[in-house]
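Features of the protein shown, as given by TrEMBL:
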- 12-33: transmembrane segment (TRANSMEM)
- 49-161: domain 'Ferric oxidoreductase' (DOMAIN)
- 53-74: transmembrane segment (TRANSMEM)
- 81-105: transmembrane segment (TRANSMEM)
- 117-138: transmembrane segment (TRANSMEM)
- 150-169: transmembrane segment (TRANSMEM)
- 175-194: transmembrane segment (TRANSMEM)
């Protein structure tokens, strides 16, 4: 069963993940132009973009534990999932900077320093930026596998900051963000606790399974 599933996954093109990953953005644009947003449209846009970024981050973090525990390989899709996460996170920031802050840079800087949830979010995005820039084969060849893997371990810092950004933004410890924080910490823990497979499986894809 596992072999058949992996064979089926290998036949799925990466562009299909991108196509499905951009669907939430298309739905959001549709709601913007058809009046489908809530009573606070700016807040709704920001939150939907931010939640989608979080979900893609969690999906990308789940790829390695899923392979090591269940033997199901989604490695070919992980780069797309990570880049989709960064795309939505960037749009989340852009919506806040334009619709909420009207590009008032000095006020934005003051708010980031004054409000912990903005500091957490901005820090997470800055940590994810070099990961997104180097998520390509050329960067792997130029940096070398070991240096590239070390850089991409920044996700261990960025991912909890994303969840804390959500929790602090709501000024409480609600169930949903708290749950996702636990999920993120659990996935990061599994990535550390469960060793990489040795032998042939590791030699075939040592760079693909980066962390």
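Heads up, the Cβ atoms here are built off N, Cα and C, so glycines get one too.
Heads up, TrEMBL stuff is auto-annotated, nobody curated it.
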Stretch-level contact, the transmembrane segment (12-33) and the transmembrane segment (175-194), CB cutoff 8 A, at least 3 pairs: no
The domain 'Ferric oxidoreductase' (49-161) - residue tally per DSSP class, helix then strand then coil: 98 helix, 0 strand, 15 coil
Distal contacts, the transmembrane segment (53-74) - CB-CB under 8 A, six or more residues away: 2, 5-6, 9-10, 21, 81-82, 84-89, 92, 155, 159, 162-163, 166, 180, 183-184, 187-188, 190-191, 194-197, 209, 211
Local confidence of the domain 'Ferric oxidoreductase' (49-161) - pLDDT mean: 93
Same-chain residue ranges lying at least 6 outside the transmembrane segment (117-138) that approach it to Cβ under 8 Å: 79, 82-83, 85-86, 89-90, 93, 111, 148, 151-152, 154-155, 157-159, 161-162, 164-169
Surrounding residues of the transmembrane segment (81-105) on its own chain - C-beta under 8 Å, 6+ positions past either end: 17-18, 21-22, 24-25, 42, 45-46, 49-50, 52-54, 56-57, 59-60, 63, 111, 121-122, 124-125, 128-129, 131-132, 135, 162
